Amino acid sequence: MMNLKLGLSALGFTVATSAAWAVESTDPIKLTLHDWSGQLINTKIMGSILQEAGYNVEYLQADYIAQFAGLKTGDLHLAMEIWETTGREALDEATASGNVVNVGETGLMAIEEWWYPSYMKDRCPGLPNWEALKDCAEEFATAETAPNGRYVGGPVTWGGFDEERVEALELEFEVVHAGTDAALFAELESAYQRKDSIVLWVYVPHWAPAKYDGEFVEFPPFSAECYSEPSVGVNPDLAYDCGKPRGPIWKAAWSGLQEKWPGAYDIIEAYNINNDEMSAMVGKADLDGVDIDTVVADWMETNKDRWSGWISK
Amino acid sequence: MIRLNRSRIVILTLVVVTILLGWFGRDLGKTLDARWLTKFPSAWVIPFKSYISSAMTWLIEDAALGPVSFTDVTRAIAWLIEQPYNLVLTLLADGFVRGQGNEAQVILPAISWIVVIAAVIALGQYCRDWALAALVGACFIYLAVFGQWDSAMVTLASVLIAVPIGAGGGLMTGIIAYRHPTFERIISPILDLMQTIPIFAYLVPILFMFGFGPISALVATMIYATPPMVRITTLALKAVDPEILDFGRMAGTTQRQLMWRVLVPSASHSLMVGVNQVIMLTLNMVIIASMIGAGGLGFDVLAALRRLDIGAGFEAGIAIVVLAIAIDRLSQSFAERMGQVHHEIPGTWITRHRRTVLVLVLLVLTWVLGQFSPLLLEYPENQTITTGAFWDDTVKYLNVNYFDTFEAIKVFFLTWFMIPIKTVLLGIPWPWAIAMLTLLGWHAGGWRLALLCGGMASLILVSGLWSKAMVTVYLCGASVILATLIGVPLGVLAALNKRAGAVINLLIDTLQTLPSFVYLIPVVMLFRVGDFTALIAIVLYALAPAVRYAAHGVRSVSGELIEAGLVSGCTPTQLLRHIRLPMALPEILLGINQTIMLALSMLVITALVGTRDLGQEVYIALTKADTGRGLVAGLSIAFIAIIADRLINAGARQARIRFGLEN
């Protein structure tokens with residue numbers, strides 16, 4: 001059986017080489033898949049374009065952070081969504097090793113901020129202005145946090161400086177960290193079902209703002225100085241008295257990719273997509289239950305000119 | 001009537017002093033201006049983290065023996081495991097494909113669902129009877145009908161590879177340990193660590209060594225699932241009747257023959273218990289394995305919960321349970337059949353292997369006819385059913401209508417049970433805690449145990465993880481208390497009432513194989529993020545051994561003792577209180593021991609709902625790819641587990657001695 005398989009793969013190799021006239025190597029380019037739809041769509045669009053250009057691709061399921069181990073050793077080749085906001089540290093560490101390169105922005109912009117469902121506006125008039133939170137912290141309180149309001153933050157590993165923000169802006173809130181993304185949105189789903197009070201960490205592109213009606217709190221706009229200099233901002237004595245930074249979502253690749261598949265590297269570099277398209281596609285997949293492959297195929301169909309341009313570059 | 005002798009008074013006083021110290025520890029530290037009593041100063045911490053990290057970097061980047069580097073060796077091992085894995089995966093899931101990417105052509109599709117189902121039914125009938133055949137058949141039909149087939153086959157492929165390697169390797173190691181007592185003493189602590197260090201703690205180095213993908217997942221799974229096999233092998237071989245051994249020697253066997261023809265067959269029954277453990281633990285790892293590229297059912301669970309599709313997550317989770325039940329029952333009855341003597345059926349090869357022939361014919365038929373009708377190869381997608389909406393609606397209904405009740409229960413438990421324990425544990429000054437632990441070790445098992453307890457506790461302290469370790473002890477302790485309070489009565493009930501026993505057994509089988517992630521998210525929806533949610537998840541998962549061991553203990557109380565009780569006119573209640581429970585105590589203690597182990601292994605999972613203990617430390621280290629930090633936290637969890645294990649074992653031994661079961 002083993003021999004049969006080896007024989008078959010050898011045969012397959014000869015066939016593939018004769019057919020692939022344009023590409024540098026027929027070895028599959030390995031793209032990583034994570035467990036959220038936006039990333040799946042993003043990666044599969046990239047994969048489809050590479051396939052159109054004649055490359056072979058292979059999708060591998062991988063953990064968001066654990067994948068860097070694979071990218072460094074060349075077991076994995078391309079990760080399509082490294083968020084400035086949550087993955088920067090790991091990305092910097094990986095690029096510093098020389099084995100991973102940052103291929104540039106995907107065009108998607110990550111927004112992360114405090115977010116509340118629309119019905120909270122009736123209970124806390126003045127929202128989305130952050131100063132409204134000062135007066136109605138008690139609206140957001142639970143038995144455990146009363147009289148302080150309860151703010152559900154992301155996993156501690158996401159950072160975000162929410163404790164510091166609460167203190168600097170003198171908000172009477174307690175920060176409770178959800179351990180994972182899933183737990184975070186389970187809280188939202190639960191509260192939304194009961195029309196209960198909640199304010200929590202939401203980020204886009206994500207399906208949540210499409211499914212639930214609500215908006216971001218408007219904090220004083222972010223600036224680098226606001227984070228580093230206590231004197232800048234609303235509170236003269238403390239730093240972090242502003243909103244969170246917004247950041248691009250990066251593409252990261254194994255450093256050997258450019259050498260092995262230079263053409264593919266150029267396509268990857270050219271690849272660009274925006275928040276609105278992505279949100280629409282994520283909504284289609286997660287809320288209307290459309291198969292991800294169908295969503296990707298639709299995009300490929302309607303954007304033929306765009307991606308052909310990236311290939312011919 | 002409690003007799004108060006001197007040692008009891010001393011113990012009682014020490015306990016009360018410890019609790020008081022814990023309650024007022026913080027204030028004490030403040031008034032004495034000695035905050036270091038409750039909070040270990042960071043200046044005294046020994047940076048084990050960075051030592052381990054740099055050692056790992058050296059191992060992965062520089063270690064070499066001549067031209068062969070360490071990673072070359074591990075990569076070669078990975079390649080060896082990959083070959084059979086790819087073959088099985090091709091047969092079950094992918095099919096033989098020619099060419100890559102766009103030019104791919106299917107040469108031979110994967111084995112049809114019809115053939116796989118027929119094969120397991122035939123295997124069930126061969127191993128025992130039609131009842132078993134029907135059960136495993138139903139299990140696999142569930143997978144097809146609920147649309148879980150493709151993922152289930154990927155998971156099955158990894159189980160089919162991990163279990164033989166794990167069980168075989170465990171058997172070999174166990175045999176060596178049986179032959180050489182020194183080797184046994186060396187690997188025993190290593191096995192402890194393999195079982196108690198959470199996988200997340202060593203995931204990053206494994207990824208570097210074995211490459212990214214299913215093989216690393218398989219290796220991690222084997223590290224976790226093999227130790228019980230090693231232990232059981234050594235125990236089983238030791239337990240072989242010396243007369244059989246003597247008989248083997250007299251018959252003039254060589255050492256090899258003695259082992260493989262005499263010892264291993266006579267111990268086969270116990271050995272199968274080990275194999276069963278390997279299977280169960282392997283399926284436990286499905287979720288974590290899917291995080292590093294194993295795919296399959298575990299990935300479906302994770303992805304479904306990520307989009308809060310509770311129903312889909314639940315169905316994929318149940319598919320894991322169903323798969324576990326089928327494989328477990330098959331392997332058990334297969335072992336039973338191996339133990340029996342069989343008469344050769346006369347006739348040609350075909351008449352003797354009717355089932356095999358039938359399955360092979362089916363296989364060829366589906367492959368040939370499958371060209372014309374895809375139904376024969378793949379279960380039609382539009383014929384699948386789903387109960388997803390039902391689960392979503394149930395959780396929503398509970399959430400909308402009963403949230404206030406849940407909230408009240410939670411607040412009650414927090415104020416009267418959990419927070420007091422937490423305050424006391426975090427308040428005990430560490431010098432006192434370590435002293436007490438050492439004393440306890442000495443009392444239970446002499447100076448060796450005292451040294452072990454004191455030493456390990458000090459190591460946790462100097463790694464700077466004391467308060468996180470105390471939160472761990474609090475969370476596990478509270479869960480174990482609850483699990484014991486629920487589990488032991490359930491176990492007693494299961495032992496005394498057959499019908500209740502069957503229901504309870506099914507329940508705990510499910511709880512143990514159902515990935516905890518499946519119920520973690522609904523629990524978050526009903527109870528919010530926090531310690532109470534973690535408590536529920538841990539109790540549900542760790543309940544099983546408390547029930548099993550209690551049932552086993554009560555069942556195995558000797559009939560004569562019961563008879564004696566009945567003769568002296570005991571009522572059923574008295575029988576339970578004065579004979580059954582005391583005699584079952586050693587078993588119950590061992591059950592609690594196992595409960596503690598499972599509770600500790602759940603910590604990493606509960607970190608996913610925001611606890612602040614060692615589990616979280618491991619999880620943070622994983623997300624930052626910090627090998628040293630993860631291993632130090634993982635080792636601390638292992639130390640807590642080992643201390644608890646040794647203390648309870650010593651206690652159980654004393655109890656057995658007291659009842660004259662051991663001397």
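Yeah, the Cβs are placed from backbone N, Cα and C, and that goes for glycine too.
Curation does not apply to TrEMBL; its annotations are automatic.
Sequence annotations record features per position, and here TrEMBL assigns transmembrane segment to B:7-25 (among others). Below 8 angstroms of C-beta separation, residues 37-38, 423-429, 432-433, 436, 439 of the same chain, each at least six residues beyond the ends of the transmembrane segment (B:7-25), sit close to that stretch.
The transmembrane segment annotation in TrEMBL covers B:106-123 (among others).
If you look up TrEMBL, you'll see B:130-149 (among others) marked as transmembrane segment.
Summarising the annotation, TrEMBL assigns domain 'ABC transmembrane type-1' to B:148-331 (among others).
For B:199-225 (among others), the entry in TrEMBL reads transmembrane segment.
Annotation source TrEMBL lists transmembrane segment at B:286-304 (among others). Remote same-chain residues near the transmembrane segment (B:286-304) are listed as 148, 151-152, 154-155, 158, 199-200, 203, 207, 212-214, 216-218, 220-221, 310-313, 316-317, 319-320, 323, 515, 517-518 (criterion: CB distance under 8 Å, separation of at least six residues from the stretch ends).
Per TrEMBL, the feature transmembrane segment maps to B:310-327 (among others). Proximity of distant same-chain residues to the transmembrane segment (B:310-327), defined by a Cβ-Cβ separation under 8 Å and at least 6 residues beyond the stretch ends, is recorded for 120, 135-136, 139-140, 142-143, 146, 148, 151-152, 155-156, 159, 279-280, 283, 286, 297-298, 300-301, 304, 386-392, 395, 509-510, 513-515, 517-518, 521-522.
Residues annotated as transmembrane segment in TrEMBL: B:357-377 (among others).
If you look at the transmembrane segment (B:449-466), the same-chain residues 6 or more away from its ends with a CB under 8 A from one of its CBs are 39-40, 42, 44-46, 48-49, 430, 433-434, 437-442, 614, 617, 632-633, 635-636, 639-640, 642-643, 646-647, 650. As annotated by TrEMBL, transmembrane segment applies to B:449-466 (among others).
Taken from TrEMBL, the feature domain 'ABC transmembrane type-1' applies to B:469-648 (among others).
Away from its own ends, the transmembrane segment (B:473-496) comes close to residues 417-418, 421-422, 425-426, 504-505, 531, 534-535, 538-539, 542-555, 576, 580-581, 588, 591-592, 595-596, 599-600, 603, 606, 611, 613, 640 of its chain (Cβ-Cβ under 8 Å, at least six residues beyond either end). Per TrEMBL, transmembrane segment is recorded for B:473-496 (among others).
Sequence-distant contacts of the transmembrane segment (B:516-543), counting only residues of its own chain at least 6 positions beyond either end whose CB sits under 8 Å from a CB of the stretch, comprise 287, 301-302, 305, 308, 310, 313-314, 316-317, 395, 398-399, 402-403, 406, 410, 413-414, 418, 422, 475-476, 478-480, 482-483, 486-487, 490, 508, 595-596, 598-599, 602-603, 605-606, 608-611. The transmembrane segment feature in TrEMBL is assigned to B:516-543 (among others).
The transmembrane segment feature in TrEMBL is assigned to B:588-610 (among others). Long-range neighbours of the transmembrane segment (B:588-610) within the same chain, counting only residues 6 or more positions beyond its ends whose Cβ lies under 8 Å from a Cβ of the stretch, are 195-196, 198-200, 472, 475-476, 479-480, 483-484, 487-488, 491, 516-517, 520, 523-524, 529-530, 533-534, 537-538, 541-550, 553, 581, 616, 618-619, 637, 640-641, 644-645, 648-649, 651-652, 655.
What TrEMBL lists as transmembrane segment is B:630-648 (among others).
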Subject >> Contact between the transmembrane segment (B:106-123) and the transmembrane segment (B:357-377) (3 or more Cβ pairs under 8 Å, separation 6+) >> reply: yes
**OP:** Six or more residues out from either end of the transmembrane segment (B:357-377), which same-chain residues have a Cβ under 8 Å from its Cβ atoms?
**Re:** 108-115, 118-119, 122, 350
